[in-house]
Amino acid sequence: MAQSTATSPDGGTTFEHLWSSLEPDSTYFDLPQSSRGNNEVVGGTDSSMDVFHLEGMTTSVMAQFNLLSSTMDQMSSRAASASPYTPEHAASVPTHSPYAQPSSTFDTMSPAPVIPSNTDYPGPHHFEVTFQQSSTAKSATWTYSPLLKKLYCQIAKTCPIQIKVSTPPPPGTAIRAMPVYKKAEHVTDVVKRCPNHELGRDFNEGQSAPASHLIRVEGNNLSQYVDDPVTGRQSVVVPYEPPQVGTEFTTILYNFMCNSSCVGGMNRRPILIIITLEMRDGQVLGRRSFEGRICACPGRDRKADEDHYREQQALNESSAKNGAASKRAFKQSPPAVPALGAGVKKRRHGDEDTYYLQVRGRENFEILMKLKESLELMELVPQPLVDSYRQQQQLLQRPSHLQPPSYGPVLSPMNKVHGGMNKLPSVNQLVGQPPPHSSAATPNLGPVGPGMLNNHGHAVPANGEMSSSHSAQSMVSGSHCTPPPPYHADPSLVSFLTGLGCPNCIEYFTSQGLQSIYHLQNLTIEDLGALKIPEQYRMTIWRGLQDLKQGHDYSTAQQLLRSSNAATISIGGSGELQRQRVMEAVHFRVRHTITIPNRGGPGGGPDEWADFGFDLPDCKARKQPIKEEFTEAEIH
């Protein structure tokens, strides 16, 4: 106990020495200094015991604390020296900031955005861009379509554009023209000239404008060609000039230096020309835009585009009227419904819709109504019947092997004689006169007489050497006839009515779709009155139609047959020529060779001539020989 009391002052001294070595701003603990004497033994002993225990712990703990504190101080000092947030180091320590770089986009802002706006903005001065009245002729160098809001011009040709404002803009205002692509997939590309025009000598020599610029200003030395350093877009700027006295427009002459179809340039991509009214600081006071096309023929392209636009408008209006029908929901057919067969037509999209067509004129309306009814009836006809009809039409439309003469058609040859010879109408039946006599040994020549023998046309020779097989075959009649009406060689309606002396009535028939005499064969006089034909022509036309019906048969008239001795000259009937042009022969020239025996010799008596029907006394008295007369054409 005494030893402990004796060592107490030494322990207190050691603790005070250690305590004094600590920093005064320690935040861990604070011990009061010893101010008591040795008279408080119990308290000193308690304190010495406390110090004794703290002596062993404080030696190691405080040493570690000092080491940790010094390390933290060094780290904090290093961090503070490199931190830009400390105000005392902010001015001295250089920082790697993008704002301090001279090439930063934030340091020098672009006067134009990356994607320029093409929305019309009249602004406070009611900025407008107009064009003069232009022509759509092919020779025009430029033209403007108000319908499409599109400018068409030739390359390097002057295109005047008028600028109008309601109030004068501030001094220093300029007008900028900039081309941009119209479509969204091309709008980020810069519009430039193609390499061919940019590097060529044409339109580049002696020009102050850069070769790559598409738009140039003509006749203004104050124009400036701007290449944006950020977006790369090219534009031309001219100072705004107020309109002259007596005018309300300021005209600027622009040139477009590359075609829209140039490869490597615009390459057929549509462009917009943006005209802006700007101040010196780039503030936009007004904006107008229009589409531009640089081509070789502005008038032609404008007309084609406007026609296409009108067609699209008509289709859009038609679809808008029938919008309810076109928006029907698709319904799948139930499994029980059979699939469409091969003979059933598949309707295209829109076949069930109803469309409207405006027609001017009653006659045009009636024609279109007939077409409509025909098409509707066509849908009711079975497809096999339609195919059969088309095959028949193709057979009827095959060209004939014989070329018709210049003044009348010829009958095509027959391949078969339908119904036999007894069923074919003879020449006498065709002409409508009875034969003078009939004989099995002589052909039925009917009313063939001297008058008919003198008519013009090809002769039909009778060859005695022809066999029966040749006589049974159908021969082609080479008669070139010019028959008078109503037996007209041309089946057209015009020739028929002209032959009747009624050319003024042609329009009454053609307006109703009647183009051939075959369409008139079933008309009555009441039908002619319904067609509004004048009364003075009705009876004439009706009689002509009756003569046609009685004169020849359209379905059987085919061609003339001839034989050497007993063949009947007739026209064969065939259904294959129902719609071909049929010529009806009215006048014939027949040459028949008569062999007269030489009975006028010394041994010939007068009674030998009785069977020939000659006046024998006159022949003997005058001694006139019987001669056969031939024309020069027949001799050669």
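Cβ atoms are placed via backbone N, Cα and C, with glycine included.
What Swiss-Prot says about this protein:
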type: BINDING; residues: CYS194, HIS197, CYS258, CYS262; note: Zn(2+) binding site
type: COMPBIAS; residues: 94-104; note: compositional bias 'Polar residues'
type: MOD_RES; residues: TYR28; note: phosphotyrosine
type: MOD_RES; residues: TYR99; note: phosphotyrosine
type: REGION; residues: 1-46; note: region 'Transactivation'
type: REGION; residues: 78-104; note: region 'Disordered'
type: REGION; residues: 131-310; note: region 'DNA-binding'
type: REGION; residues: 314-345; note: region 'Disordered'
type: REGION; residues: 345-386; note: region 'Oligomerization'
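Here the Cβ of CYS194 (Zn(2+) binding site) has 20 other Cβ atoms within 10 Å, regardless of which shown protein chain they belong to. The Cβ centroid of CYS194, HIS197, CYS258, CYS262 marks the Zn(2+) site; residues of that chain outside this set whose Cβ lies within 8 Å of it are ARG193, PRO195, ASN196, GLU198, MET257, ASN259, GLY264, GLY265, MET266, given in sequence order. The least crowded of the binding-site residues CYS258, CYS262, judged by other CB atoms within 10 A of its own CB, is CYS262.
Counting only same-chain residues six or more apart in sequence, the Cβ atoms lying under 8 angstroms from the Cβ of HIS197 (Zn(2+) binding site) belong to ILE155, PHE203, MET257, CYS258, CYS262, GLY265. Across the region 'Oligomerization' (345-386), DSSP assigns 23 helix, 0 strand, 19 coil.
In this structure, CYS258 (Zn(2+) binding site) belongs to neither helix nor strand by DSSP; it is coil.
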